[in-house]
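Novice: Have a look at this one before I ask anything.
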Amino acid sequence: MNPNWELQNCCNRDQKLFLVTIGVFTVVILVLWRTFLLTPFKLITVFLHEASHAIACKLTCGQVEGMQVHANEGGVTQTRGGVYWLILPAGYLGSSFWGMVLILASTNLLTAKIAAGCFIAALLIVLFIAKNWTLRGLCIGFIIFIAVIWVLQELTKVRILRYVILFIGVMNSLFSVYDIYDDLISRRVHSSDAEKFAELCPCPCNGVGWGVIWGMISFIFLCGAMYLGLVILS
């Protein structure tokens with residue numbers, strides 16, 4: 001069966017449910033943004049940001065010496081070697097990419113299970129290189145959380161694994177865009193990845209400029225996830 005790239009006869013029941021669920025999750029996230037209820041999900045987004053730095057470092061033959069996620073929603077990844085100008089943008093853009101992957105994985109139960117399994121595996125790996133207890137606690141907490149949701153999916157009528165994966169994906173996509181705005185436009189953090197990247201890049205674009213570019217790419221990832229999700233469900 002050929003993919004319905006033109007989205008002809010959109011939208012069927014599954015497509016409507018997909019769009020409505022993303023809309024509801026977006027509203028819930030925005031309403032609860034400054035409450036403690038979203039803190040674990042914000043920290044997991046920071047984790048994916050730092051994990052993306054680590055992956056870029058390993059892919060460019062560098063060495064990851066440690067990773068930290070802090071309770072104030074900050075984080076740091078200690079690296080040695082690798083291609084620095086690829087490692088720096090990998091945090092913001094990588095977390096947006098993982099948000100897109102999780103949103104797409106939620107369109108099918110099998111892919112949602114695969115995503116959940118990979119997520120747990122990644123948390124287990126990071127657990128052993130974590131340099132502070134906030135990150136260790138986050139890893140342990142989310143391993144237990146995802147495992148419980150998976151068991152409920154298999155053994156009870158509480159079948160919400162796909163929705164949990166979708167929520168984490170939407171949260172990740174929204175937070176990565178907000179993080180760029182907060183670091184580079186609202187507060188102008190001079191130690192941000194974009195400011196460091198601007199110092200390395202020979203082009204005249206400053207940190208805010210790179211932040212805008214990365215923010216637009218992150219928004220494209222979110223829109224792309226919604227479009228591809230509709231194609232998959234058509």
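The backbone N, Cα and C atoms fix where each Cβ goes, glycine too.
Nobody curates TrEMBL annotations by hand; they come from automatic prediction.
Relevant sequence annotations retrieved from TrEMBL are reproduced here:
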- 17-36: transmembrane segment (TRANSMEM)
- 83-103: transmembrane segment (TRANSMEM)
- 110-129: transmembrane segment (TRANSMEM)
- 135-153: transmembrane segment (TRANSMEM)
- 160-181: transmembrane segment (TRANSMEM)
- 212-233: transmembrane segment (TRANSMEM)
Novice: Where, among 17-36, 83-103, 110-129, 135-153, 160-181, do we find the most CB pairs under 8 A to the transmembrane segment (212-233)?
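Specialist: The stretch with the most close Cβ contacts to the transmembrane segment (212-233) is 83-103.
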Novice: Please identify the stretch among 17-36, 83-103, 110-129, 160-181 with the greatest number of Cβ pairs below 8 Å relative to the transmembrane segment (135-153).
Specialist: 110-129
Novice: Using a Cβ cut-off under 8 Å, which residues of the same chain at least 6 positions beyond either end of the transmembrane segment (160-181) come close to it?
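Specialist: Residues 21-22, 25-26, 29-30, 38, 41-42, 44-45, 48-49, 92, 95-96, 98-109, 112-113, 115-116, 146, 149-150, 152-153, 194, 211, 214-215, 218-219, 221-222, 225.
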Novice: Would you mind listing the long-range same-chain contacts of the transmembrane segment (83-103), meaning Cβ under 8 Å and 6+ residues beyond its ends?
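Specialist: Hits for the transmembrane segment (83-103): 22, 45, 48-53, 55-57, 59-60, 62, 77, 115, 165-166, 168-177, 179-180, 193-194, 196-197, 200-201, 210, 214, 217-218, 221-222, 224-226, 229.
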